[in-house]
C-alpha cells in the first residue's frame with residue numbers, strides 16, 4: 001500500500017463511526033463470502049451504493065474451492081474491483097467478517113500462503129483509491145450481501161438471528 005501515499009485504510013466499528021455518507025464522493029460497499037461446505041465451493045456477494053444512492057448487486061462464484069476466510073477476501077476484492085470500475089475514489093467497505101476487516105486494514109497478519117496472497121490482492125486494489133475504510137457489522141446487518149453470496153452457491157437465504165431476540169423453540173420429535 002505504500003506505493004500510493006494518499007491511500008488510507010482504516011478499521012472502525014460501524015456503530016462508533018460518524019456517518020460520512022453525506023460526502024458527495026463517498027461510495028459504500030457491503031460484502032460477504034460463503035464456503036459450502038467449509039472448505040468448499042465459494043460464493044461472493046456485494047452490494048455497491050453510489051453517492052447518489054443507486055444500488056447494484058453482484059453475486060458470483062469464486063474460482064475453485066476454499067475456506068470461508070478466502071471467500072470473504074475474494075468478496076472484498078470483488079467489491080473493490082466493481083467500485084473502482086464505477087469510478088469510486090472514496091469507499092466504505094462493510095462486512096461481517098472480522099478476519100477480512102482486520103487483514104484488509106493490516107492490523108492483523110497470517111502465515112497461511114493462500115490467505116497471504118489474497119490479502120495482498122485486497123491491499124493492491126485498495127491502494128487504487130484515495131481512501132478506503134473497513135467497517136465490521138454483525139451478520140444480521142449484512143443480510144443482503146449474505147443472501148447474494150449464498151445465491152451464488154444455489155443456497156437459499158438464511159436469515160441471521162438478531163441479538164436479543166429469542167430463537168424459535170425446536171420441535172420435539174414425535175410431537
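Think of each number as a place in line: the chain as shown, counted from 1.
Cβ coordinates are placed from backbone N, Cα and C, and glycine is handled just like the others.
Curation does not apply to TrEMBL; its annotations are automatic.
The compositional bias 'Basic residues' annotation in TrEMBL covers 164-175.
In terms of DSSP secondary structure, the domain 'RNase H type-1' (23-161) contains 52 helix, 45 strand, 42 coil. Taken from TrEMBL, the feature domain 'RNase H type-1' applies to 23-161.
The region 'Disordered' annotation in TrEMBL covers 1-20 (among others).
Annotated region 'Disordered' per TrEMBL: 151-175 (among others), in sequence order.
If you take every residue in the domain 'RNase H type-1' (23-161) and average the pLDDT, you get 97.
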